[in-house]
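Marked as ATP binding site by TrEMBL: GLY87, TRP88, ALA89, GLY90, THR91, GLY92, LYS93, ASN94. If you look up TrEMBL, you'll see 257-312 marked as domain 'Torsin-1A C-terminal'.
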Amino acid sequence: ALEPLSVGLAIGVASALTGYLSHPRFYCNYVECCPRAGQRLNASALKAQLDNRLFGQHLAKDVVLKAVLGFSNNPSPKKPLMLSLHGWAGTGKNFLSQILAEQVHPAGLRSKFVHLFLATLHFPHHDQVKLYKEQLQNWIRGNVSACPSSIFIFDEMDKMHPGVIDAIKPFLDYYEEVDGVSYRKAIFIFLSNAGGDLINKAAFDFWSSGKRREDIQLKDLEPLLSVGVFNNKNSGLWHSSIIDRNLIDYFVPFLPLEQRHVKMCVRAEMTARGYIVDEEIVQAVADEMTYFPKEQKIYSDKGCKTVQAKLDIHEDL
């Protein structure tokens, strides 16, 4: 027969071990957990990532950094954070959304709390808009119920069928709860090429007048973007109630990249591959890009989008 003391000790050890294994901190070392309520972003880490990985986008970095940190530090936001990123391909929209996702959820785009929608993949058929709207609402409702700080990224907004995105309007509005679920800690991000022409023209006008691109301010572009996107049938936000109700917190412009920015992208890619940065190769890759306007050749027409592919052919060097 077991002594009462031995039995009591065994039960105590088992209880303590069970309690330790079931503790959230231990559990979350092995299984991804939703961030705890009140958990704040690391401001210095986010700033460092933006400074070191996103080039030529002083406006986007400044606006997003302040918007996201302000939202994270607010214990009771009135609505979700809604950012709409605009600019030509290769200027860093996807990159910035990836950086932001990684700061909120360390697994980034692989996180079960970060959801990426591609217009041409997830919403391809014009005659199924009603079905898409229902599916989208159910998906968002279910995922925010599981994790209030979920992130939803909608890429290719310029290819989204008009009306689809209005399905999420109730979740973006100033409601404490919708059907018993609070969406006020979630982040929604739109990525779009729509408005890129307006941004490029404004940047070129600054250059033509002898002003520095770093002097371009949000107020110079945001009103143009909101009106332009609202009236653009190919924006995905054409006559959208989301804009009409002023639910987008910031229209974030991504400026066209100059050759000096392309070189920064090449250097960063070489470093990421473990190469010694060779300025001759950096220049060669930058020279292989095409630039606009035709006469001045100031801006890369693909941004940094093809840098990786072009660097591949120089690997033997």
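Note: Cβ is positioned from N, Cα and C throughout, glycine not excepted.
Note that the structure is a prediction, hence the values are computed from the model and not measured.
Under DSSP, residues within the domain 'Torsin-1A C-terminal' (257-312) fall into helix, strand and coil as 30 helix, 5 strand, 21 coil. ALA89 (ATP binding site) has a Cβ environment of 15 other Cβ atoms inside 10 Å. The record gives GLY87, TRP88, ALA89, GLY90, THR91, GLY92, LYS93, ASN94 for ATP. Within 8 Å of the mean position of their Cβ atoms, the other Cβ atoms in that chain belong to PHE95, ASN193, PHE254, GLY303, LYS305. Packing around TRP88 (ATP binding site) is summarised by its Cβ count: 23 other Cβ atoms lie within 10 angstroms of its Cβ, all protein chains included. Close to ASN94 (ATP binding site) in the fold, though at least 6 residues off in sequence, lie ASP155, LEU191, each with a CB less than 8 Å from its CB.
In this structure, the binding-site residues under consideration are GLY87, GLY90, GLY92, and the one with the smallest number of other Cβ atoms within 10 Å of its Cβ is GLY90. Cβ environment of THR91 (ATP binding site): GLY56, GLN57, PHE254, LEU255, PRO256, LEU257, GLY303, CYS304 lie under 8 Å away, each six or more residues apart in the same chain. Contacts of LYS93 (ATP binding site) defined by a Cβ separation under 8 A and a same-chain sequence distance of 6+ are given as LEU85, HIS86, GLY87, LEU191, SER192, PHE254, in order along the sequence. A mean pLDDT of 95 is what the model gives for the domain 'Torsin-1A C-terminal' (257-312).
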